[in-house]
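Asker: Not my notes, these are from Swiss-Prot:
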type	residues	note
DOMAIN	27-131	domain 'AB hydrolase-1'
ACT_SITE	Asp103	active site, nucleophile
SITE	Asp269	site 'Plays an orienting role for the imidazole group of His-298'
ACT_SITE	His298	active site, proton acceptor
Amino acid sequence: MGAPTERLVDTNGVRLRVVEAGEPGAPVVILAHGFPELAYSWRHQIPALADAGYHVLAPDQRGYGGSSRPEAIEAYDIHRLTADLVGLLDDVGAERAVWVGHDWGAVVVWNAPLLHADRVAAVAALSVPALPRAQVPPTQAFRSRFGENFFYILYFQEPGIADAELNGDPARTMRRMIGGLRPPGDQSAAMRMLAPGPDGFIDRLPEPAGLPAWISQEELDHYIGEFTRTGFTGGLNWYRNFDRNWETTADLAGKTISVPSLFIAGTADPVLTFTRTDRAAEVISGPYREVLIDGAGHWLQQERPGEVTAALLEFLTGLELR
């Protein structure tokens, strides 16, 4: 199979840079990255999935990398994020795809079968589980849960605040996010992340002694270079739509995901400290499987590329896509 290529695709009023691999006409797999990442975060999976016979489309999603970065906060709501990827299917003439997402990309792919049921053959999500609709706006729920404690999602809500911290030193931001996130069992790290006070998000993450074994300096520099050029505001604006997404999807209350679904997470992912995997049954009515990778952290498809790719291929093989 040839090496992955890059091209620009106009979709849903924005232009996305898309990494593409595999034969046109083969079953399509969309790979949706999270925060603060890029299509590059799927660099290990893209060639492997293409070699297995799939047509892979991995965009820099809106707000990131080589893609459009609209100024309006509401331009990053869940309706637009899912519609962007539907537009990629239209571009290649595909009726449906398997939607795979990590972190915020997982939120996008969990919503896709609810908003665009006819365009989704199956869903695979990493790190962020499927959750039932909250009874109150999400930021209200977070404030009730965390009180006066620091919580990064609430910190991200005010335009300009987190932007200034993260944009001030993109190398520090990426270094600490990649190497400074600690597993749920690290109590001192948990206390530091929750402690009330003026410190920002990156301030609370430890400066790693060195890079994790799973990422090279060259790979980290790719992220640093892109975020130095673009800043982090586009990605932060996704967080600023939590309540808007809740308000504008009220009609989805009670609807469930009926397509085959896979959830993959690392047991050392700090996201699992404030989400519950056991509530997936409340929103998923179709076939569902969960894969937990022992000791893996948040940057799952980069930390454990072989295990993630194997889980995805096993899932894909069991689907009737051809």
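All positions are counted from 1 along the displayed chain.
Here the Cβ of each residue, glycine as well, is placed from N, Cα and C on the backbone.
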Asker: What number of additional C-beta atoms lies within 10 angstroms of the C-beta atom of Asp103 (active site, nucleophile)?
Answerer: 24
Asker: Work out how many Å separate Asp269 (site 'Plays an orienting role for the imidazole group of His-298') and Asp103 (active site, nucleophile) at their Cα atoms, rounded off.
Answerer: 11
Asker: CB neighbours of the residue listed as 'active site, proton acceptor' within 10 A?
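Answerer: The answer is 23.
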Asker: How many neighbouring Cβ atoms, not counting its own, are there within 10 Å of the Cβ of Asp269 (site 'Plays an orienting role for the imidazole group of His-298')?
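Answerer: By my count, 24.
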Asker: Could you state the whole-number distance in Å separating the C-alpha atoms of the residue listed as 'active site, proton acceptor' and Asp103 (active site, nucleophile)?
Answerer: 8
Asker: For His298 (active site, proton acceptor), which of the three DSSP-derived states applies: helix, strand, or coil?
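Answerer: The three-state answer is coil.
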Asker: Within the domain 'AB hydrolase-1' (27-131), count helix residues (DSSP H, G, I), strand residues (E, B) and coil residues, in that order.
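Answerer: DSSP composition of the domain 'AB hydrolase-1' (27-131): 45 helix, 23 strand, 37 coil.
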Asker: Averaged over the whole of the domain 'AB hydrolase-1' (27-131), what is the pLDDT?
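Answerer: Computed over the domain 'AB hydrolase-1' (27-131), the mean pLDDT is 98 on the 0 to 100 scale.
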